[in-house]
Every structure is written in C-alpha cells, then in structure tokens.
Amino acid sequence: MNHLLSTADLKLDDALLVLDTADRMARVADAPVRKLPTLRGRTVVNLFFEDSTRTRTSFEVAAKRLSADVINFSARGSSVSKGESLKDTAQTLEAMGADAVVCRHPASGAPHRLASWVRGSVVNAGDGTHEHPTQALLDAFTIRRRLGRLDGLAVTIVGDVLHSRVARSNVWLLTTLGARVTVVAPPTLLPLGISGWPVEVSYDLESVLPKSDVVMMLRVQRERMSAAFFPTEREYSRRYGLDADRAALMPEHALVMHPGPMVRGMEIASSVADSPRSTVVEQVANGVSVRMAVLYLLLGGSGAERESS
C-alpha cells in the first residue's frame, strides 16, 4: 500500500490489516510512555486546504506518537486550491523531502493528483464530496470494538448523503467488510448515481431503525449546498432527526454514530448523542489509533528496509 486515497481501493485483507494494526496501536494509548520509535527520522506533512481541527489534530497526534517529524501546512483561499498551484505545492513538498503528505482539499480528486506528483505516500484526509477514507476506517474500527464483528451487521446511514464524503467511504468499506448498508435521506439529498451503490435506499427512518445494528447520522452540510434541499431545518429534523423516541425503536445493542461536528437538535438530539449507545467520543479516540496504523503501514520500517523492498 503506497497511498490511501479511497476505501474502494482496499481489498478485504487490506482493510483487516489496518483494523488489526489499529488494535495494536490502541494499546500504546494505555502504555506509560505513549510513543513508538517506528517513524523516527520521517517527515509527515499535514496539507490542509480546508479548515479542520479534529482531523488535522488527530493526524498530528498519530504521527508524533510514532516519533515522526510533523509539518502543518494550512492553505486558505481558492487561489491555492486548484491546478498549477497544487502542483507548485507538490514541488515544495518534494524539496522538503516529505515522506508522507496528509491532504485535505475542497476539490474531489486533488489527493489523487498530488499522489502522481510526489514520491512520498499520500493520505486522503477528505477531498470535496468524494471520500474520507480514515474516517470510514475509524468508524469500522469502533463498530468492531463495540460489537465484536462487522460481517453481517446492518448499518444505516442517515442524512445528507449527497454532500457526504464520509458516507461514500463508509459504503465502500463496510460493504467490503461484509456489512449490509442502508441509506436514509430525503430524495433531494441522495446522489443521482445511488442506484449503482451497493446499498438499499429508504425514505422512512422509523421503518429501518428496528432492523439496524448501527445508525450513523450525518451532518447537514450547509456550506456545500447551493440550493434549498429541504423546506426548513425543523421539517428536516421532524422527518430525519434521531431523537429519544426514535432511538427507542432501535435494538438494545445498536450503536449511534456521528462523524462530527454535530448539529445538536437538528440531526441528533443531545439525549441520544450523550447516551451509552453513542460512540461519538470513542470515534475521536479511535481515530488516533487508526491513523497511527495507516502511517505505520505506509511508512513503517527503516530507510534501508524500504529501499530494499
């Protein structure tokens, strides 16, 4: 594995290797010294063309726990977000000798282009509405830790599927891992090509909840919308929000997930987000372990080992 650009690229063995490695990395968090020497002397660049606190910080902590040197590069504004400007940035990264570049970009496909311009490994940290592979991996890791398996589980993804890179990455990964995925959304918030996805589609949340092992709520992404996709926020919440009454329809063992940040009171009620079945806080903690695993698998080993491989 040279890059992590899309969960659609991951075979079952690849995905399981990341999850199993993340299990080992999670034990580092419980150790007296929460650090491994694995990536000492390697440089990881966090290249973020969109604002992000949660994901950028998670990657930074992950790299530092593996003893890598970390450079945070924040690029704001459209003048550096397309075409030659991205290529110029790639040339700068090459001059720095970056071993890995963690890239978040508003344009779908930007990390793929970057991967063709640099010799180091590229990790897609979210590109437009396309994908967010490490979010899907940490979601799968969280589900497996809570429920013990992924194969055969019924996972329901609810909300703004149209604009959600998290939904796309989860659909491909969870399907590869043997889960059955259903998406629930207003017709206006489903992508045109949804019929080609390996999912069932429903418009009735309450009918799906009793059959769900996992319910993953998505944030309504107003910043990516160019038109009104639903009448009002109140109407959206009434039809597709997860409140205490709807959560009571779920099986006792079922989990509630959210990639964050949440809009409390719209897509999810605080009483549900803070309930024992919620994994929201665990997802943040597990994100560090999963991103450690990804960086370890991409860069692990000494320079001599890499040159001889």
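Placement of Cβ uses the backbone N, Cα and C atoms for every residue, glycine included.
As recorded in Swiss-Prot, the features of this protein are as follows:
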- Arg54, Thr55, Arg104, His132, Gln135, Gly260, Pro261: carbamoyl phosphate binding site (BINDING)
- Lys82, Arg165, Arg219: L-aspartate binding site (BINDING)
Neighbours of Arg165 (L-aspartate binding site) among the binding-site residues Arg54, Arg104, His132, Gly260 (Cα to Cα, within 10 Å): His132
Residue among binding-site residues Thr55, Gln135 with least C-beta crowding, 10 angstrom cut-off: Thr55
DSSP three-state assignment (helix, strand or coil) for Arg104 (carbamoyl phosphate binding site): strand
Winner by Cβ contact number (other Cβ atoms within 10 Å) across the binding-site residues Gly260, Pro261: Gly260
Sparsest-packed among the binding-site residues, when each Cβ's other Cβ atoms within 10 Å are tallied, from Arg104, His132, Arg165: Arg165
Whole-number Å value for how far Arg219 (L-aspartate binding site) lies from His132 (carbamoyl phosphate binding site) (Cα to Cα): 14
Arg219 (L-aspartate binding site) and Gln135 (carbamoyl phosphate binding site), Cα-Cα, nearest whole angstrom: 14
Protein Cβ atoms within 10 Å of Arg54 (carbamoyl phosphate binding site), excluding its own: 14
